[in-house]
Amino acid sequence: MSFDIAKYPTLALVDSTQELRLLPNESLPKLCDELRRYLLDSVSRSSGHFASGLGTVELTVALHYVYNTPFDQLIWDVGHQAYPHKILTGRRDKIGTIRQKGGLHPFPWRGESEYDVLSVGHSSTSISAGIGIAVAAEKEGKNRRTVCVIGDGAITAGMAFEAMNHAGDIRPDMLVVLNDNEMSISENVGALNNHLAQLLSGKLYSSLREGGKKVFSGVPPIKELLKRTEEHIKGMVVPGTLFEELGFNYIGPVDGHDVLGLITTLKNMRDLKGPQFLHIMTKKGRGYEPAEKDPITFHAVPKFDPSSGCLPKSSGGLPSYSKIFGDWLCETAAKDNKLMAITPAMREGSGMVEFSRKFPDRYFDVAIAEQHAVTFAAGLAIGGYKPIVAIYSTFLQRAYDQVLHDVAIQKLPVLFAIDRAGIVGADGQTHQGAFDLSYLRCIPEMVIMTPSDENECRQMLYTGYHYNDGPSAVRYPRGNAVGVELTPLEKLPIGKGIVKRRGEKLVILNFGTLMPETAKVAESLNATLVDMRFVKPLDEALILEMAASHEALVTVEENAIMGGAGSGVNEVLMAHRKPVPVLNIGLPDFFIPQGTQEEMRAELGLDAAGMEAKIKAWLA
């Protein structure tokens with residue numbers, strides 16, 4: 001969309017942070033208003049992450065106004081909230097392309113802009129990276145400042161606390177800004193906090209604080225009295241004791257929507273030495289009433305009409321695989337009170353809303369804590385319960401040692417319901433579910449299942465739930481099911497595939513939900529088609545039978561070729577000295593960028609036309 005200068009006259013003056021810093025203070029509230037309206041106008045036309053960015057408009061303006069970015073280094077955690085940052089750093093006219101194929105990256109991305117210091121997408125990484133960047137800046141000796149912005153959800157993760165503990169030990173010069181959009185601030189308390197925060201962050205207070213420490217360091221009673229007095233003053237504002245104990249100078253909470261107040265506080269804190277912590281209060285969805293009332297629904301949005309405030313409703317077509325999982329979960333829980341379901345802050349995305357309402361005492365949202373989620377499940381299994389960990393493929397990576405050490409080694413019956421497996425689309429490199437088959441397949445005692453449709457998905461969930469000899473995993477994609485009939489639940493024979501079509505010369509071994517496209521290829525080439533179902537254990541007898549009766553084999557999966565299901569087939573053939581040509585079709589050896597699932601599958605040759613072309617070229 002073209003930029004309307006008349007509609008956004010102040011924002012039109014800002015196409016870089018250098019231009020932003022030329023604006024007088026009194027024009028900044030108007031800039032924030034225009035930036036918020038432009039964000040609404042852009043995202044409603046193009047889709048994208050929405051509510052988080054509305055809540056960080058004033059913070060973004062204040063940070064770029066006070067700090068000399070990009071020389072000073074600003075790090076955003078996760079990046080959902082960074083759309084205003086992109087708009088102010090030379091990408092205003094491209095914001096309508098965000099999350100689209102060939103467009104702006106959905107998160108801060110180092111290859112896109114010098115303002116994007118850290119490529120992000122997963123949570124809770126900013127402080128760790130920020131410490132490293134701050135240490136490097138100190139050694140560089142150019143007085144380069146480091147700022148990390150982290151949300152109240154991301155800061156609950158263990159990695160964030162590990163980083164803060166380290167920062168308190170080595171004491172780098174850096175600022176951590178906690179963007180807290182969970183609490184509401186009353187006008188009076190907010191005003192008091194803002195005033196005290198400015199006092200506590202000011203140079204006079206800082207000088208008195210450090211000078212007093214030096215003067216009275218040899219007089220323990222007075223030193224202790226001063227420390228307690230300072231704690232009491234800060235206690236009038238908020239209980240920031242935890243961050244103080246970790247070694248940070250804590251300031252806040254302050255109103256995150258008062259841009260001029262933020263600028264004053266940030267200027268005061270900019271030159272303070274050691275690790276600093278600024279706690280700001282914001283409202284997710286700020287300035288757009290529907291998003292303020294329902295920030296979860298408006299977290300990421302499709303195209304919508306901002307005047308109505310209504311998001312387009314589902315067409316009522318086929319259910320998503322997440323819905324299939326959620327329905328199975330409720331159905332099974334109603335029959336078995338030993339079922340326990342765990343999610344690391346992905347209730348809506350994993351299809352668990354209904355379960356959380358029907359079975360609240362058996363539903364555990366552990367927040368952004370994937371490592372804890374898996375070991376918590378291990379403990380439930382030891383206690384005689386039947387835990388199910390519902391988790392995205394890309395986030396299970398964060399708990400790999402826990403899967404190995406706490407679940408698999410002990411042969412605990414934990415079921416992993418792995419959503420968003422394969423290509424996920426608009427969130428790009430950081431969110432593709434490209435690696436789960438590779439990183440799980442090498443774990444002893446693990447059963448791995450790849451359904452080809454929603455009925456198989458249900459049967460495999462049922463099979464994994466009743467498998468008591470160790471952990472099991474069922475992986476399924478983002479998107480809708482294919483519309484097959486749902487049959488009564490029954491346990492599948494472990495490690496057994498089925499032949500779907502008999503052909504000649506060529507056999508295609510399919511793993512997972514690319515089956516509809518693979519079936520078209522098999523029909524076109526008159527190839528035998530096998531639904532392998534299990535990646536581990538593989539149906540070795542069936543593989544050897546197919547190798548003996550066909551001239552060539554093709555494996556198909558929506559996972560990295562390296563170490564994936566096809567690699568497992570290769571290993572079986574080599575172990576049995578079967579010199580049969582094999583073509584492995586799957587995800588290539590690079591990080592898959594954003595685009596719709598259909599666009600990326602076509603580009604990577606994972607639609608029917610692409611697979612057929614690959615096979616014909618290989619056979620030629």
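Here the Cβ of each residue, glycine as well, is placed from N, Cα and C on the backbone.
Per Swiss-Prot, thiamine diphosphate binding site is recorded for HIS80, GLY121, HIS122, SER123, GLY153, ALA154, ASN181, TYR288, GLU370. Following the DSSP three-state reduction, the secondary structure of GLU370 (thiamine diphosphate binding site) is helix. Same-chain residues at least 6 positions away in sequence with a Cβ under 8 Å from that of GLU370 (thiamine diphosphate binding site) are, in sequence order, PRO344, ILE391, PHE395, LEU396, ARG398, ALA399, GLN402.
Among the features that Swiss-Prot reports, Mg(2+) binding site is placed at ASP152, ASN181, with the record citing sequence analysis. Around ASN181 (thiamine diphosphate binding site), the same-chain residues six or more apart in sequence whose CB sits under 8 Å from its CB are GLY55, GLY151, ASP152, MET281, THR282, LYS283, LYS284, PRO295, listed in sequence order.
Here the binding residues for thiamine diphosphate are HIS80, GLY121, HIS122, SER123, GLY153, ALA154, ASN181, TYR288, GLU370. Their largest Cα to Cα distance works out to 32 Å. Cβ environment of HIS122 (thiamine diphosphate binding site): VAL78, THR394, PHE395, ARG398, THR430 lie under 8 Å away, each six or more residues apart in the same chain. Sorting the binding-site residues HIS80, ASP152, GLY153 by the number of other Cβ atoms within 10 Å puts HIS80 first.
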